[in-house]
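Engineer: Mind looking over this structure? Questions follow.
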């Protein structure tokens, strides 16, 4: 769907893809037309998606904190002398170790995950079955709707408020998408239906059976129902399982931030792909250490599990509700699902999740404000970055240089063609960056062989060597275009003459193939002269030029532009470069600065 807000989402390559999708899927839906025609609707959709993403990142902060803290709290039952501060310190230490292990990637540490989760899903339901038999064998009567109706009839508003606590029983399911980076859909469905779900039901039923006979133990319903003889093995398994559960949300946070960076809605951070064949396995050093600091801070500041639990419930229920809304739009606009099925899905899930959201929102003053504070800060960062990028891209598209304009500049006697080979980097695919015009007007020269280079990131692990470099002639003497295509597992190290040699060889082949075509009647001597010019320029010296642009915030800017663009400049100056780490030797680098006037 052509419902992007950034102008970069509307380049020719994407629009042709969207056009072919429209042709293949038939006539566009009325709802799709509405979103395409209404900027307000698109911005509301963007806001909802950003809110969901920020809430999920907040989930990535709260899940490790509450999971590990709850598991480590089991030390206080056998050792009453251990105070809450020591439990918090131990939990923080476990989390620090967990975050320090992230750089190795989940593939290298996941060999521990399966035995831990296997032990967890096997032992806890066995304890549950023992508890059911020992305390209250009739517990499965609770499956009857009679009891829940009677519960709400008897408790009224109090019963509705208690729903906020039951949300914690289904946490984790809001981040199932992250597992798709590691497993396929069928394996997730099989694992959930035949191991996780039965295990949870039996465990919760066992806890409930215990609590019916021990009403005063509700503050710690899990560890209290563990028999004394197997307490320590279960404690070790529970702590290990909590760490694995934390890993899933940490991986989810890496994944969603990486996707947001690629889409241009989040400041650029370093993203490392820890697997050569699974795109979803990513790691970001900056994000990792920020998450670590925030998780430890949450534990040390809000050590009371109740406050973190309230915040956790708000996050989980809102993420699920937003997912339901967005998935409904996908069903209508993209999948073209029959309206009856869409209405059935939306009514069931939106009603159920809406009731939970209404219950947990009453806990905002009791810790539920934490995710809103985190989301507000993240949303401010994202909107500032989005607004700055939108303004910059609109300027570039408005002031981009055409080949005709470049030809006019080069025909000016005052502009000299100097000896050497220049790689001029540009990110505009259907034109040339305004930095080029700024450079020529001020320096009054251009290298006699100039290759305008664009780096294109593809959603593949590796790009075949013969598809890595795509070159073309641009109709002007000594001016060529080059697109370097790379995947997430490719190494982009341009140091040395290897990269330059590959581009020169590709250009030689292209010149010969182009000249052999019907469209060009070049002689053998002209072809050899052009190839000779390439070699001569290469030996004369190679330079890599890239633009470094900033906003000029003058008096003509309004107060909103002054604030948002100044905020964007701060983020832009402290984030990663738009170009990958190319490894170009410093003596060959030139950065051309230019002010954009919004």
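Please read every residue number as a count from 1 along the shown chain.
Every residue gets a Cβ built from N, Cα and C, even glycine.
This is the feature table in TrEMBL:
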{"type": "DOMAIN", "residues": "39-405", "note": "domain 'K+ potassium transporter integral membrane'"}
{"type": "TRANSMEM", "residues": "44-66", "note": "transmembrane segment"}
{"type": "TRANSMEM", "residues": "86-104", "note": "transmembrane segment"}
{"type": "TRANSMEM", "residues": "111-133", "note": "transmembrane segment"}
{"type": "TRANSMEM", "residues": "159-178", "note": "transmembrane segment"}
{"type": "TRANSMEM", "residues": "190-210", "note": "transmembrane segment"}
{"type": "TRANSMEM", "residues": "230-250", "note": "transmembrane segment"}
{"type": "TRANSMEM", "residues": "287-305", "note": "transmembrane segment"}
{"type": "TRANSMEM", "residues": "311-333", "note": "transmembrane segment"}
{"type": "TRANSMEM", "residues": "340-357", "note": "transmembrane segment"}
{"type": "TRANSMEM", "residues": "369-387", "note": "transmembrane segment"}
{"type": "DOMAIN", "residues": "420-596", "note": "domain 'K+ potassium transporter C-terminal'"}
Engineer: Counting CB pairs under 8 Å, which listed stretch among 44-66, 86-104, 111-133, 230-250, 340-357 touches the transmembrane segment (369-387) the most?
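Structural biologist: Out of the listed stretches, 44-66 contacts the transmembrane segment (369-387) most.
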Engineer: Mind looking up the mean pLDDT for the domain 'K+ potassium transporter C-terminal' (420-596) in the predicted model?
Structural biologist: 82
Engineer: Under a Cβ pair cut-off of under 8 Å, which of the recorded stretches 44-66, 86-104, 287-305, 311-333 contacts the transmembrane segment (159-178) most often?
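Structural biologist: By Cβ pairs under 8 Å, 311-333 leads among 44-66, 86-104, 287-305, 311-333.
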